[in-house]
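Please read the structure below before turning to the comments.
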Amino acid sequence: MQPLLLLLTFILLQGDEAGKIIGGREARPHSYPYMAFLLIQSPEGLSACGGFLVREDFVLTAAHCLGSSINVTLGAHNIQMRERTQQLITVLRAIRHPDYNPQNIRNDIMLLQLRRRARRSGSVKPVALPQASKKLQPGDLCTVAGWGRVSQSRGTNVLQEVQLRVQMDQMCANRFQFYNSQTQICVGNPRERKSAFRGDSGGPLVCSNVAQGIVSYGSNNGNPPAVFTKIQSFMPWIKRTMRRFAPRYQRPANSLSQAQT
């Protein structure tokens with residue numbers, strides 16, 4: 001466990017690699033039992049993302065959070081402490097959406113199949129996913145949680161939360177060349193200094209206790225609005241993928257397998 005703590009410390013000290021919840025506050029410990037912290041190893045080095053438990057054996061995150069190996073920490077509040085509630089699970093299989101495009105960041109969604117099932121507890125449990133009959137509307141108030149930096153110069157190792165409102169699609173279409181209202185959500189009032197940013201990527205946008213979006217990208221300076229992947233548009237793919245990859249828990253390997261479906 002000690003090497004992992006050292007790696008987490010390294011990640012949190014990297015300004016460009018660590019994520020930001022801007023304008024938020026510290027969350028009540030373990031009030032977001034679906035939250036996952038992802039420690040990612042890639043040829044470029046170490047990075048961190050958010051994610052969220054959607055079934056005992058699957059975490060949902062952003063497709064751009066892929067690496068050669070991923071460790072998932074569930075049940076955490078302070079990611080630099082060895083909390084009794086924490087469950088550290090390696091990823092067996094990373095399944096990017098087959099139409100993910102890193103050039104325009106479209107279809108930025110990925111399922112992570114865990115090497116073993118998470119144990120449900122008061123600090124670890126899945127979040128609900130959206131139904132087709134209920135759609136987000138501009139003005140809806142939602143919550144984003146994540147670890148990382150809270151400003152350009154100040155970091156944190158405890159889970160942060162911020163409330164953000166859904167915006168009109170046109171606002172993001174005016175700011176981001178490749179914004180697609182069919183598969184993305186525009187979130188965050190530009191008149192407020194509140195946003196999710198960068199390493200918070202992969203974390204959930206939760207509205208009325210349902211995960212509706214995934215932190216995807218925003219402006220370089222973190223000013224809102226930001227773009228979130230619209231989970232509802234990908235529900236057929238999510239359900240099909242989780243059915244296809246039946247749980248097969250194996251001993252840890254040095255690298256994870258990658259699949260598309």
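Cβ coordinates come from backbone N, Cα and C, glycine included.
Look at His64 (active site, charge relay system): DSSP puts it in a helix. Annotation source Swiss-Prot lists active site, charge relay system at His64 (among others).
The secondary structure of Asp108 (active site, charge relay system), as reduced to three states from DSSP, is coil rather than helix or strand. Per Swiss-Prot, the feature active site, charge relay system maps to Asp108 (among others); the stated evidence is sequence analysis.
Using a 10 Å Cβ-Cβ cutoff, Ser201 (active site, charge relay system) registers 28 neighbours. Summarising the annotation, Swiss-Prot assigns active site, charge relay system to Ser201 (among others) and lists sequence analysis as the type of evidence.
According to Swiss-Prot, the feature disulfide bond maps to Cys49-Cys65 (among others). Cβ neighbours within 10 Å of Cys49 (disulfide bond), excluding its own Cβ and spanning all shown chains: 28.
Contacts of Cys207 (disulfide bond) defined by a Cβ separation under 8 A and a same-chain sequence distance of 6+ are given as Leu136, Asp140, Leu141, Cys142, Thr143, Val166, in order along the sequence. Among the features that Swiss-Prot reports, disulfide bond is placed at Cys142-Cys207 (among others).
What Swiss-Prot lists as disulfide bond is Cys172-Cys186 (among others), and the listing cites sequence analysis. Counting only same-chain residues at least 6 apart in sequence, those with a Cβ under 8 Å from the Cβ of Cys186 (disulfide bond) are Val166, Gln167, Met168, Asp169, Met171, Cys172, Ala173, Tyr179, Pro225, Val227, Phe228.
What Swiss-Prot records for 21-243 is domain 'Peptidase S1'.
Marked as region 'Important for antimicrobial activity' by Swiss-Prot on the basis of similarity to another entry: 21-25 (among others).
Here the region 'Important for antimicrobial activity' (97-111) has Cβ contacts under 8 Å with residues 58-66, 177-178, 180, 183-184, 202, 214, 216-217, 227, 229, 231, 234, 237-238, 241-242, 260-261 of the same chain, all six or more residues outside its ends. Annotated region 'Important for antimicrobial activity' per Swiss-Prot: 97-111 (among others), in sequence order.
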Nearest-integer angstrom distance between the alpha carbons (Cα) of Cys49 (disulfide bond) and Ser201 (active site, charge relay system): 5
Distance [Cα-Cα, Å, rounded] between His64 (active site, charge relay system) and Asp108 (active site, charge relay system): 7
